[in-house]
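Residues or ranges marked as active site by Swiss-Prot on the basis of sequence analysis: D251. Annotated Zn(2+) 1 binding site per Swiss-Prot: H17, H19, K103, D251, in sequence order. Sequence annotations record features per position, and here Swiss-Prot assigns substrate binding site to H19, L20, R21, N45, H140, L223, H255, A267. Marked as Zn(2+) 2 binding site by Swiss-Prot: K103, H140, H178. Here Swiss-Prot flags K103 as N6-carboxylysine.
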Amino acid sequence: MTAPSQVLKIRRPDDWHLHLRDGDMLKTVVPYTSEIYGRAIVMPNLAPPVTTVEAAVAYRQRILDAVPAGHDFTPLMTCYLTDSLDPNELERGFNEGVFTAAKLYPANATTNSSHGVTSVDAIMPVLERMEKIGMPLLVHGEVTHADIDIFDREARFIESVMEPLRQRLTALKVVFEHITTKDAADYVRDGNERLAATITPQHLMFNRNHMLVGGVRPHLYCLPILKRNIHQQALRELVASGFNRVFLGTDSAPHARHRKESSCGCAGCFNAPTALGSYATVFEEMNALQYFEAFCSVNGPQFYGLPVNDTFIELVREEQQVAESIALTDDTLVPFLAGETVRWSVKQ
């Protein structure tokens, strides 16, 4: 038996699902991503959401202005789908290289999604246009009906929304984002080449027991919510199999500490500083490090039809302690795995 490798050299990764927020928060969090990743799909759920080419161009510039000198980072912008969105605006943004993809949030599914889509039928002209021009649809795959249990919302979405949509628009490219269930893992694996998925580090590392047993851990609270162990294991097995239509999407979602540690706390894990090492740990635990680079750096570009990055980064296998918090202007930000000792980290 050989000793585990102490250095992992991989092609520079991309993050295919990222929240950067805006204003002072954006300026704080951007460097944690731009330091490591070549590109990131940036979520459009600002207040107000990014629904026009003009808004996306302006937001992209604010992101670029926050990238430190020496970082080579390209934000890939997305359009927030609404019931009233003009298909021509979406197509113009795609053709001009402003929009890389469009995001479907069911109304009120997650942070700043009150403008989201009330039904797929309401945006069918937009989706038909996307199918025609080859624009990927990114989906937060949960139903939001009040009578459906929060732990069942992803599985119900597959049968009631996702499958009918893909049957109707057979050429539409779809990314099932941040999948959290065995149902979704099986669905994506059994799908065709036009269906892919992203998985977060927290859904690979933890299940709902970690969040709820022995005290509520608000910094593990995200949406879709952590599920039971059987679902966590299915996700781990999917990435460890080398399946090539699943790729890195951190869903890093920063909230100030007082908005997380609250009587009605916000959903989201700020994992940008620790995500890549977390993924490496999971792949190592699953004896699947041979598939780690593809998950981080190859599968995503392949699905999107983009070139892979031509630079490389290294991760080192040495214990490091994660910072307890990161300073904001008037609060602090608690990173994923705050205060814990991690096994893998990006070589500085």
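Cβ atoms are placed via backbone N, Cα and C, with glycine included.
In this view, A267 (substrate binding site) is surrounded by 16 other Cβ atoms within 10 Å of its Cβ, with every protein chain counted. In sequence order, N45, H140 are the binding-site residues from L20, N45, H140, L223 with a C-alpha within 10 Å of the C-alpha of K103 (Zn(2+) 1 binding site).
Put simply, H19 is the one of the binding-site residues H17, H19, H178 whose Cα lies nearest to the Cα of H255 (substrate binding site). Here the candidates are the binding-site residues H17, R21, H178, L223, and by Cα distance the one nearest D251 (active site) turns out to be H17. Proximity to H19 (Zn(2+) 1 binding site), judged by a C-alpha distance within 10 Å, picks out N45 from the binding-site residues N45, H140, L223. DSSP assigns K103 (Zn(2+) 1 binding site) to a strand.
Around the Cβ of R21 (substrate binding site), the same chain contributes V29, L46, P254, each under 8 angstroms and 6 or more positions distant in sequence. Summarising the environment of H17 (Zn(2+) 1 binding site), the number of other Cβ atoms within 10 Å of its Cβ, over all protein chains shown, is 26. Note: the CA-CA distance between A267 (substrate binding site) and H178 (Zn(2+) 2 binding site) rounds to 13 Å.
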